[in-house]
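Structure record follows, encoded as structure tokens.
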Amino acid sequence: MHLCSISAVSLIAALASATAAPPPSLRGVDPLLLDKYVADAQGNFACLDGSTVIPFARVNDDYCDCADGSDEPGTSACNNGTFYCANEGHVAARISSSRVNDGICDPQCCDGSDEWDGAVTCPNLCAEIGLSHRTAEAARQANEVRGAKRRRALIDEARVQRVEKQRELEEKRARLAEVEEQFSTAEALKDDLEARQKLANEKADASLERRRQALDEQHLADLNAYRRHLSFSLHRLRAHSDTLVLLLRSVRNDHNAEFNDAAVAQAISAYAEFLEEHPYIEAAALEYANEEPAQRSERERASDTDAEAQDGASYEACSAAISIYENERSTVVADVDFFYGLLDALRVGYNKNYHDLAVKAAVVGLDEFDAVREQDLGDVQAAADALGLDGLVERVEEARAAFEALASEEAAQSQSEDSSTESAGQTEGDTEQPLDEQVNEARTRFWDLQSEKNTLRNAVSTLDELLSKDLGPQDVYLPVNGQCYSLDAGEYTYEVCLLDRATQISNKDNSRQSLGSFSEFGAVAAAAAEGGSDGQAADYAVHRYLQGTKCWNGPHRSLTATFECADEISVLAVSEPEKCEYHAKMAGPFACPVDGLDGGADDLPEMTPIDAGHQSADEAVHDEL
């Protein structure tokens, strides 16, 4: 216990003991004011507000003489006076003088001293109430100490993370500068090689060009028809892959780890290994999930239209597109088979006795997927039958053979035409790399650098945004930024992802309603928070999530999360006091004090008298009586 607390308690105990049986003139006097209740040399008492002076004998004579009621601290004569209850063994209190000797045992005076006239007998309950109060206060302080230590740990962790992320940001910025320089060089080389390739193509033999045009006219329609069918099939396969990825992501993020279900753990582990090799797969699936069917159809139509214009005008472009589509189809088919295998094994092997909502939702989603895939495969097969796909593929292969033969002739002639100039710059045994290969390598280098540049720009932007974000005092929210906490409230599960988003999830069909994205912290009067300055200051224990899904005939959904002190973060309760305006009561260290950690959980607060001006539930009961 702190020395100041011991001194305060000792003082109050001594004063309480000294006034255990106060003379009538001093009954109800606050010990801190005892020096005011002494007769002066003339035997008078000065009202505490200085309004008048009366004979000291008229103090506590059951007649109100002073305007401030200070002459009647122990009677009910003055409605504006106060009566001091010593409450030895508990916390002292002050009540309105009007409650003195009113025949009701006032809860604030657990020692019963307010009913001193004996009309009613009020037992002294201060020992029991004081013990209960001290026990509750000790528990509260212990909770605050644990929460404060957790908050201090988060702050320490945030300090390390900020340094690491700042270093990562600087490294990525430096690498971005290098890549941008390399990209400029690669772009210049690509443009130069493409210009040379264009010039070389323009110098091709006229007869070969006419034969090429003839082959285009003969076969290009078949190639375009096959390319369109591949694109149609790919749209369905990509949708299948995205749907299965979303189901696996939901299981990984939302499953109940406490159940320790082996089938769930195996599926999550295999999926996590896949993500390490293909980290982009979830981002693509989330974009798919955020699209409405009509938007998706329009995007696919626009993509096909652009592809038709870009790839449908020549054999080379169309053939290259077909090769890309065929390779992608093989990859996507393999991915779909892999994802489906994981979910199907989960569907068969998960423990049905566990009430794991995420797993059950994934099983239901897989059942629905089976029906969708069967319908899609039927549509693709019907389109293939209508197109006469087998014959079409044969004609495409014939076209490839014809064009490859023509390309060989062109290459031979080009080599023959350039051999004299090329040999002049070569030593014996040197072989000039074909221009087409140089162009392809330059393009690949250009695209790789462009991809790395875009990835680095996104990473720099994300890190810069995070580090410039208000993450609370001393970055306390940095270690938990974006982490999600949920509460199953029966009909719905509520999920709050710190400084990110809030979501309402139906436990019936797993449908989701956005309750808003993080917008701001709460506000408190700056006069209290900043030593008297005007304006508002942030209340970091209150989070506001705004602009969620719009209610029918109502406002956009929103959620206000308010934290109370605890060492662990959790959602305690969610209510909806107004239509589509949700309040979440949460626990966490963000509402805990960070000062005073040097003391222990057993430290007790100073015993401060309770001011009767702040009415409690017990006082309300008194008024009703």
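Cβ coordinates are placed from backbone N, Cα and C, and glycine is handled just like the others.
Positions annotated as signal peptide by TrEMBL: 1-20. Taken from TrEMBL, the feature coiled coil applies to 155-210. Taken from TrEMBL, the feature region 'Disordered' applies to 291-312, 407-437, 601-625. According to TrEMBL, the compositional bias 'Basic and acidic residues' annotation covers 293-304, 616-625. Look at TrEMBL and you will find 407-424 tagged as compositional bias 'Low complexity'. Per TrEMBL, domain 'MRH' is recorded for 482-594.
Long-range contacts of the region 'Disordered' (291-312) within its own chain (CB-CB distance under 8 A, at least 6 residues past either end) are made by residues 220, 224, 227-228, 231, 235, 239, 318, 320-321.
DSSP places the residues of the compositional bias 'Basic and acidic residues' (293-304) in helix, strand and coil in these numbers: 12 helix, 0 strand, 0 coil. A mean pLDDT of 87 is what the model gives for the coiled coil (155-210). For the domain 'MRH' (482-594), the DSSP-based tally of helix, strand and coil residues reads 7 helix, 69 strand, 37 coil.
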